[in-house]
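As written in Swiss-Prot, here are the features:
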- 505-556: domain 'PSI' (DOMAIN)
- ASN55: N-linked glycosylation site (CARBOHYD)
- ASN111: N-linked glycosylation site (CARBOHYD)
- ASN126: N-linked glycosylation site (CARBOHYD)
- ASN386: N-linked glycosylation site (CARBOHYD)
- ASN540: N-linked glycosylation site (CARBOHYD)
- ASN596: N-linked glycosylation site (CARBOHYD)
- 18-673: topological domain 'Extracellular' (TOPO_DOM)
- 695-837: topological domain 'Cytoplasmic' (TOPO_DOM)
- 674-694: transmembrane segment (TRANSMEM)
Amino acid sequence: MWGRLWPLLFSFLTVTAVPGPSLRRPSRELDATPRLTISYEELSQIRHFKGQTQNYSTLLLEEASERLLVGARGALFSLSARDIRDRTHKEIHWEASPEMQSKCHQKGKNNQTECFNHVRFLQRLNATHFYACGTHAFQPLCAAIDAETFILPTSFEEGKEKCPYDPARGFTGLIIDGGLYTATRYEFRSIPDIRRSRHPHSLRTEEAPMHWLNDAEFVFSVLVRESKTSAVGDDDKIYFFFMEREEGSSSFTQSRSSHRVARVARVCKGDLGGKKILQKKWTSFLKARLICHIPQYETLRGVCSLNADTSSHTHFYAVFTLTTQWKTLEASAICRYDLAEIQAVFTGPFMEYQDGARRWGRYEGGVPEPRPGSCITDSLRSRGYNSSQDLPSLVLDFVKLHPLMARPVVPTRGRPLLLKRNVRYTHLTGTHVSTPAGPTYDLLFLGTADGWIHKAVVLGSGMHIIEEIQVFREPQSVDNLVISPMQHSLYVGAASGVLQFPLSSCSRYQSCYDCILARDPYCGWDSSIHACMVATTVANRTELIQDIERGNRGCEGSRDAGPPPPLKTRSVLRGDDVLLPCDQPSNLARALWLLNGSKSLSDGQDGYRVGVDGLLVTDTQLEHSGNYGCYAEENGLRMLLASYSLTVRPATPAPAPQAPATPGAQLAHDMRMFYVVAIAILGGLCLILASSLLYVACLKGGRRGRRRKYSLGRAGRAGGSAVQLQTVSGQCPGEEDEGDDGEGTGGLESGCLQIIPGEGAPAPPPPPPPPPPAELTNGLVALPSRLRRMNGNSYVLLRQSNNGVPAGPCSFAEELSRILEKRKHTQLVEQLDESSV
């Protein structure tokens, strides 16, 4: 049942967890739209670094030496913090040997991603050395590296107690007063633990009778100097943020016997472990639930701390991803937690594991003294408890069985600062920014899973996203973020390399209104030079105009609202469509169009279509003519962006009158017309004459065709076959005469032609006959006396027999002899068909 109702409950909580009315932004939801969107092509002053490797996820900034140390796969880099592109950088190659990679692959690990030396830890060890640890193909190693020479030492330390085996596992670590505090999954079995090494008293968490950590994935750790301002002599504490699996929850989701929850844990820096109980184990370990928005669907992705050196002002920002069990909706939430709230939870009631019910429940019994999990204070020292080894066994037994607190840690004001839909944040970092007016604001940079950076300022109970920046051309996850206030730069670590770009781009804002609407704590309008400047670069900061809280005050009396846009003219015919372009500079601005300075135009009104790219006027009429102004309305301010003068013409204008032609041009025109008319008349006469001749020819040809008759015969001769073509003027031998004449001799002169193939040599060619007359008595041109090849292997000679002059026999014999000579070896068909004629 709960599985079906969770999507509805998720939507309900999303709507109901909405802040009240606010002057800064709409209150209908927690989602915030970035004011500006800056694509990769629009970026300026961005710097890239990429070596011959990948996975540049470990970053360490050394402000004093102006160096940025980078840990990658099989390499370490020392870059200039001023410009990471500086070619004078140093590099250490720290690869796993082929033998180690082979052993890793034999253990079933991926030799394409896992069986390498991924540098996961990089911290300052002392004044002269750094300390680095790498997975080293599932055999972790650590090394102390000289900061000056930046050369890999010849000796290494075993890292199985300090570094994860798996490069994909969560890891966090700190070096505090020479001691190494790390939290990850250790050993090849991937056991989650919080450990202290390189210390006279090495410590770890308890595993029996119950695990203090259950399938934990660690995200972040930080040292809070609580001893500086403590009135009771309290100890410094290390806080760890992680996700773990909760078994047997007693919440209203009892049907879900196991789910992952966010936790915060803490240990005391001066913890030495127990003397008999909890030997080499933490005696100050406590953990509590961390809640942001919807507990059952929260995954902790990143945490950053601000003012960790002053515990009274220390607070944390955590980013969660909210995902339903079907992953039909994805969002990210940002919550703020005050250190005072966390301290109050750790001094509250405890939980205990109830074996009968197999779940955690609130502990209702008595709590021994000194309070379990507390650090050694001046009060305890006065009572003889100078260290954790002096604590009573009853206290240590209680700590062993009650590591979990009953109350959860809730965000400041009980709700998230931001709920961003369709975005998955992966990392965040923040800094304090003081403004010329005096207030200090928290500025956050949030990295996404697809390579974008969101820059946001915290304003009371909400957040204003100043801009979203696409820092990678190809989508990839942002793995690490580091801020350098001295260099005014943000460093981004990702799989493909390291990026550096400025914390602000104030020069992008061209007017006073645009500068204050951005609400960037780094930017202010300087009226003396009429420019939006970085506040830290201005000598007299008090003269800068800023309004971070509301973002709409300060420019009323200024003349720096920007020059008015030029007036553009448009002229169209009546009934046509016309587009008046107008791009809004801000995602938060609303387009407003005014006609003749007063009439407000709305979408769908009188043929107007208001879009994000301008105003479309459809089916223009005469009343659409006028002056159009495009304004951007944002946060109560109105700015003119474009101005147009539109004229609608009633009809197509008449063509302009032509100038009178000159006498010479008129004469040339008349001659051309005369030639055209003459050619047309002659063409018509030729057509009539040709038609008459064709008609006469057809009549005569029809009468002559009816008086002729051809017959195809066959003569049998020894050794071959013959083709005979007979006209009405003679007959072929061996057949009856079907014509009007009874005479015939069987020769060529008788009107019958026989073609007999054979091997006989042709007679020598006689002298050429006189040419035939050009025209016969019937007026038709004489038929050619030439041999024509028909279908098959037979040849015929077409000629007239009556009332004509036959072609000379010598000419025919000569041509026939030549053709037959070429084909005498060709087999002729014995049976002829009619298609051979």
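Keep in mind that glycine also has a Cβ here, set from the backbone N, Cα and C atoms.
Note that this is a predicted model, so its numbers are computed, not measured.
Same-chain neighbours of the transmembrane segment (674-694): none, counting only residues six or more beyond its ends whose CB sits under 8 Å from a CB of the stretch. The closest partner of ASN540 (N-linked glycosylation site) among the glycosylation sites, by CA position, is ASN126; the full candidate set was ASN55, ASN111, ASN126, ASN386, ASN596. There are 9 other CB atoms within 10 A of the CB of ASN540 (N-linked glycosylation site), with all protein chains counted. In the predicted structure, the domain 'PSI' (505-556) carries a mean pLDDT of 91. Ranked by Cβ neighbours within 10 A across all protein chains shown, the glycosylation sites ASN55, ASN111 are led by ASN55. With ASN596 (N-linked glycosylation site) as the anchor, the candidate glycosylation sites are ASN55, ASN111, ASN126, ASN386, and the one with the nearest CA is ASN55. Each residue contributes its Cα atom, and for ASN111 (N-linked glycosylation site) and ASN55 (N-linked glycosylation site) those atoms are 15 Å apart. ASN55 (N-linked glycosylation site) falls within neither a helix nor a strand when secondary structure is assigned with DSSP, and so counts as coil. Within 10 Å of the C-beta of ASN126 (N-linked glycosylation site) there are 11 other C-beta atoms, taking all protein chains into account. Comparing ASN55 (N-linked glycosylation site) with ASN386 (N-linked glycosylation site), their Cα atoms are 46 Å apart once rounded.
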